[in-house]
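Asker: There's a structure below that I have some questions on.
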Amino acid sequence: MPFSNSSELSPSFLLAGLPGLEGAHSWLATALCSAYVLAVLANGAVLLAVRAEPGLHAPMYFFLCMLAAIDLALASATVPRTLCLYWLGSRRIGFGACLTQMFLIHALSAAESTVLLAMAADRYVAICHPLRHAAVLGGRATAKVGLLALARGVLFFLPLPLLLLPLPFCGPRRLSHSFCLHQDVMNLACANTTPSVVYGLTAILLVMGLDAVLICLSYLLILRAVLRLAAWRERLKVFSTCVAHICVVLAFYVPLIGLSVVHRFGKDLAPLVHIIMGNVYILVPAVLNPIIYGVRTKQIQRTILSLIRVTD
């Protein structure tokens, strides 16, 4: 039977565990908790390193701090609730809490995509127009990018929960992930969801889709400029400054595309696939981003090591 959100005092959804593998919940929770702790420590270390080292006060590292803050917020919006599911067996999540979590996931993902685009623009200006880099991407411009990233995420994805709010939903209201995503929640509605489908797809294309195209375009221009250099050694040296950002872009977009494909075409796949892809989408960027930049940037490594020695 469908229910109306206005008629039921506390409508709720059931988060997905591992059907048939309940005995493995504690092991999965331990793995998720370890990944979450690693993400918090690694991203926190990057934030402290950039704050403590004046030599890192440059647009690329400020953008890296934005990524770290977004990844921390995104992981914190999902992982603690998931741990309650696997450790405590608490599957039920209230309608309001579900919509809030859904909004945070999509808005923060849009903000991360915007920051990745800004980092690509930073690499393009630094390589193709180095003399204009300081003027184009100064401190104020970098701060404006951060505000624009948050505003873009909020404005584009706030309508998603608002479009779902008045809809009736069908029982038993079981989600296919251990957290709330727009398409997952929308599929449980017992009403016409065409406006929500159209708007959700439009928002994704205008934010993540457009950003991906512009990032690819920026690297085509960078590649053209690099190939104009005479020596191969000089080409490799210049392009190596982009390796970390390329890896971070792949760490974000590959899980995003994989999760979208699973939702669109994987209805017959095992529930475990949906759950794994969802957790990969949330945690992989948060864990890998600071590690990638920590490995590629010796200045970050030295600053973090010096902070550890001071603490000891």
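Every residue, even glycine, has its Cβ placed from backbone N, Cα and C.
OK, TrEMBL features for this one:
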- 42-293: domain 'G-protein coupled receptors family 1 profile' (DOMAIN)
- 27-49: transmembrane segment (TRANSMEM)
- 61-83: transmembrane segment (TRANSMEM)
- 103-125: transmembrane segment (TRANSMEM)
- 145-169: transmembrane segment (TRANSMEM)
- 197-222: transmembrane segment (TRANSMEM)
- 243-266: transmembrane segment (TRANSMEM)
- 272-295: transmembrane segment (TRANSMEM)
Asker: Need a quick answer: max count of Cβ pairs under 8 Å to the transmembrane segment (61-83), which of 103-125, 197-222, 243-266, 272-295 is it?
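Answerer: Per the Cβ count, the answer is 103-125.
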Asker: Under an 8 Å Cβ to Cβ limit, what residues of the same chain, 6 or more beyond the ends of the transmembrane segment (27-49), are close to it?
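Answerer: Apart from its flanks, the transmembrane segment (27-49) reaches 18, 56, 64-65, 68-69, 71-72, 75, 79, 82-83, 86-87, 279, 283, 286-287, 289-291, 293-294, 300, 303-304, 307.
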Asker: Can you work out which residues elsewhere in the same chain, 6+ from the ends of the transmembrane segment (103-125), have a Cβ less than 8 Å from its Cβ atoms?
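Answerer: Answer is 59-60, 63-64, 66-67, 70-71, 73-74, 77-78, 132-133, 136-137, 145-146, 148-150, 152-154, 156-158, 160-161, 179-182, 203, 207-208, 211-212, 214-215, 218-219, 221-222, 241-242, 245, 248-249, 252, 256, 282, 285.
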Asker: Let me spell it out: take the transmembrane segment (243-266), skip the flanking residues so only those 6+ beyond its ends count, and list any with a Cβ under 8 Å from a Cβ in it.
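Answerer: Long-range Cβ neighbours of the transmembrane segment (243-266): 67, 109, 112-113, 116, 119-120, 123, 181, 183-184, 204, 208, 212, 215, 219, 273-274, 277-278, 280-281, 284-285, 288-289, 292-293, 296-297.
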Asker: Could you pull out which residues elsewhere in the chain have a CB under 8 Å from any CB of the transmembrane segment (145-169), counting only those six or more residues past its ends?
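Answerer: Hits for the transmembrane segment (145-169): 2-6, 11, 13, 62-63, 66, 70, 99-100, 102-103, 106-112, 114-115, 118, 182, 185-186, 188-191, 193, 195-196, 199-200, 203, 206-207.
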